[in-house]
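*Asks:* Can you keep this structure in mind? I'll have questions shortly.
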Amino acid sequence: MAILLSYSERDPIPGGCNLEFDLDIDPNIYLEYNFFETTIKFAPANLGYARGVDPPSCDAGTDQDSRWRLQYDVYQYFLPENDLTEEMLLKHLQRMVSVPQVKASALKVVTLTANDKTSVSFSSLPGQGVIYNVIVRDPFLNTSAAYVPAHTYACSFEAGEGSCVSLGRVSSKVFFTLFALLGFFICFFGHRFWKTELFFIGFIIMGFFFYILITRLTPIKYDVNLILTAVAGSVGGMFLVAVWWRFGILSICMLCVGLVLGFLISSVTFFTPLGNLKIFHDDGVFWVTFSCIAILIPVVFMGCLRILNILTCGVIGSYSVVLAIDSYLSTSLSYITLNVLKRALNKDFHRAFTNVPFQTN
């Protein structure tokens, strides 16, 4: 697909100060991805100039008469969910070419200055088509120009398990289906079946921390890791039941119940645009704030344990069903907790913006 756009000598030149990629003037956006994050890179722009005139120097000073006054708006555009056709991609790529179209259609994620690195990271969304583009602005002349858009599905179209066509692993489907069956029971009857609820809560706590530990410390394959997580979670569930059976201390058990609910509420908080604030790209600030929100929930409800228990059963139990649905049909709500898990597993995920699509039709 080729689209011709006209620019004047006052418009900035995308990629006009390229020192990293192959072309002398390179307006392309380069993209790479893994399971955790998708990173785009682009060459700095230069000031516009008339035909036949030598281009402004890219290294001559950093004042307002040089390219250092330029600003870069990074945009993200989500394709319709569960549609991987080439026709749909080409149709929506046309909305991410010119400056007015990009501004009208896409979500502006961040604005970079010439002092920032021309690289931005996003949370990878396997199976979800995403188009990225950058608009370079000259605030002095009030002009702008767009780079060449780049797109990704964060997965491979080659046949096989885990491809774009078949994202869910069999092991994930089995694990989360069984987990959802227990969660569905807890959602409606957990408050009456206290020991079953304790097993469910213990399973979540032990399974979550064990999965992080074994993934970070060992090269074990995903399927084996999931089996070991299920075993460890079962041990954690039985341990919490045993603690209640042996000691009968309600406050300790309800603290665990409240922390699980607090974890999910804290995850929801950072799932909102609040999580993309620059201050929370610092791991120290993020984890301290996240922990404070999670601890706040059991503290607030410690005086009304019945309400805390019923809320936890309903919210956590129903969310387990959402996770099971995600293993068969992709859903953005799974990223509420998956983003937190990614951040715990990958040291570079703190720099990623975690926007997800919300389809309205």
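Glycine residues also receive a Cβ, built from the backbone N, Cα and C atoms like all the rest.
Note that the structure is a prediction, hence the values are computed from the model and not measured.
Pulled from TrEMBL, these are the listed features:
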TRANSMEM  174-191  transmembrane segment
DOMAIN    177-360  domain 'TM7S3/TM198-like'
TRANSMEM  198-214  transmembrane segment
TRANSMEM  226-245  transmembrane segment
TRANSMEM  252-272  transmembrane segment
TRANSMEM  284-301  transmembrane segment
TRANSMEM  308-329  transmembrane segment
*Asks:* State the residues, same chain only, that lie 6 or more residues beyond the ends of the transmembrane segment (226-245) and have a CB under 8 A from a CB inside it; answer 'none' if no residue qualifies.
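*Replies:* Those are 171-172, 175, 194-195, 198-207, 210-211, 214, 220, 252-253, 256, in sequence order.
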*Asks:* On the 0 to 100 pLDDT scale, where does the domain 'TM7S3/TM198-like' (177-360) sit on average?
*Replies:* 95
*Asks:* Counting Cβ pairs under 8 Å to the transmembrane segment (198-214), which of 174-191, 252-272, 284-301 comes out on top?
*Replies:* 252-272
*Asks:* With Cβ-Cβ distances below 8 Å as the criterion, list the same-chain residues six or more beyond the ends of the transmembrane segment (252-272) that contact it, or say none.
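*Replies:* Non-local partners: 197-198, 201-202, 204-205, 240, 243-244, 280, 286, 290-291, 293-299, 301-302, 305, 308-309, 311-312, 315-316, 319, 335-337, 339-340, 354.
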